[in-house]
Amino acid sequence: MSVIQKNRVLVITAITCAVVVYFLIIFGSHVRVTDSGMGCPDWPLCKGTIGPIHGFHAFMEQTHRYIAALVSALVAITALLALRWKNRPAAIRPAVFTGVTIVVQIILGAVTVFASNNAPTVAGHLLAGLALLAGATTTAVATVIPRVEVHGSRLSKIVWIALAGAALLYLTGSLVVNAEAEKACASFPLCPSDQPLHLVVLHLIHRGTVALASIALISFAIHAWQYWSHLRGARALASTLVALICATATLGILSALKKAPADLQDLHLAGAAAVLALSVALAAQGWLTGADHP
């Protein structure tokens, strides 16, 4: 197999992996939204069987596990190809990181089931999911864009602040869903005074995080638009990021006002995950090319 063919195989595998990871996260959100997290009380089987699964909640949870198995295979293949061929050296570390993360994610998924969706284990599962999406996205970008050697800082501080904001935005929103607090704040921007305080606090933390993270992410997009215009596709990614932020925030407001119907919750979280993936992709492009070096 020629070098060009190896590059093509690695790129296709890594991009496919990132797309399926994104779909896994969206489907996992739907599992939570539909209260199907405990549809399978055991692990790795579901009610003692692989399938077919009878009953909506069991079907949803076991399908989630099937998708996770597919992701595990794609992550392993991507890491093995990157390590063996070494035709894209910059992809090796994120590919290995993603491989380690998927192992941690599987373990946390099992622990979450055995702990009956205990809050700390769910939070750990969510954090691992964030790391998995970031790792798979970075790996995909690193298979497409070669690393350029530069001296000095590769990225400005606003990029790192924006990435942290995107992660916190997604995490705080997921914690609202996990606490079943979605319907506790059917007004905007503040919450009704007759709702349980701990649920209101979760909502307000998330909304505050959204405001701050949006400022950081839009500042990052403007920075990329102004200073990374020489990078192919950077302006398209930056403008798409701003559009996604606005759309996701709008969906969040509508979801709150309509008392969180399942379809709006799914769309809202899909948007939040897309914001995270796109900001990571844009940052990875900047880092690989040393876009902010002096």
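Note that the numbers count up from 1, one per residue, in the order the chain is shown.
A Cβ is built for glycine as well, from the same backbone N, Cα and C atoms used for every other residue.
These figures come from a predicted structure and were not determined experimentally.
These features come from TrEMBL:
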TRANSMEM  9-28  transmembrane segment
TRANSMEM  66-83  transmembrane segment
TRANSMEM  95-116  transmembrane segment
TRANSMEM  122-146  transmembrane segment
TRANSMEM  158-177  transmembrane segment
TRANSMEM  197-224  transmembrane segment
TRANSMEM  236-257  transmembrane segment
TRANSMEM  269-288  transmembrane segment
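Of the Cβ pairs linking the transmembrane segment (122-146) with the transmembrane segment (9-28) and spaced 6 or more residues apart, 3 or more are under 8 Å, so the two regions touch. The stretch with the most CB contacts under 8 Å to the transmembrane segment (269-288), chosen from 9-28, 95-116, 158-177, 197-224, is 158-177. Below 8 angstroms of C-beta separation, residues 29, 32-33, 123, 126-127, 130, 134, 202-203, 205-206, 209-210, 212-214, 216-217, 219-220, 223, 252, 265, 268-269, 272-273, 275-276, 279-280, 283, 286, 292 of the same chain, each at least six residues beyond the ends of the transmembrane segment (158-177), sit close to that stretch.
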